[in-house]
C-alpha cells in the first residue's frame, strides 16, 4: 500500500460482500502473524481503510462505522490487505497500538481451551477496560 497509490476500484469490485453488505476481516499483527481479532467490514469501511491506512470496521451492534481505537486510542495502522481465493474474506495486516481486544488483551483470542475443556488466559493484558471505557452499567 504505497503512498501514491489510489484506491484500486477493480479490487473493490472483486470483493464479495454477503447479503447484508458485509465481509469478514481477520486482523493479524504484520510482524508476527498473530491473529488479533475478527471484525466485519462494509464497502464504506473498506474504502475508508484504504484511504486512511487506519482500520475501520462496521459495527453490527451499533449499526455504524467503527474506526478502531477511536475511543480507546488503540489504533491499527494497516500495512497490507489480502483477499482470499473466493473474494469473500479479508486479512488485514496491521501494527496494533495497545490492545486489540475491548476487554484489554493484545488479542481477542486471549483464552486457550485445554484438553479437559477448561480455559486459561494465554495473552498479555494491555490495559484496564474500566479505565478506558468506564464502568458498564
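Quick reminder: no glycine exception, Cβ is built from N, Cα and C everywhere.
What Swiss-Prot records for this protein:
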type	residues	note
BINDING	84, 86, 88	Mg(2+) binding site
BINDING	85, 101, 108	Zn(2+) binding site
Report the same-chain neighbours of residue 86 (Mg(2+) binding site): residues 6+ apart in sequence with Cβ closer than 8 Å to its Cβ, ordered by sequence.
16
Roughly how many Å separate the Cα of residue 84 (Mg(2+) binding site) from that of residue 108 (Zn(2+) binding site), to the nearest whole number?
22
Write down the Cα-Cα distance for residue 88 (Mg(2+) binding site) and residue 108 (Zn(2+) binding site), rounded and given in Å.
22
In whole Å, note down how far the CA of residue 88 (Mg(2+) binding site) lies from the CA of residue 101 (Zn(2+) binding site).
24
Packing count at residue 85 (Zn(2+) binding site) (other Cβ atoms within 10 Å of its Cβ):
6
For residue 88 (Mg(2+) binding site): intrachain residues, at least 6 apart, with Cβ closer than 8 Å:
15, 16, 18, 23, 24
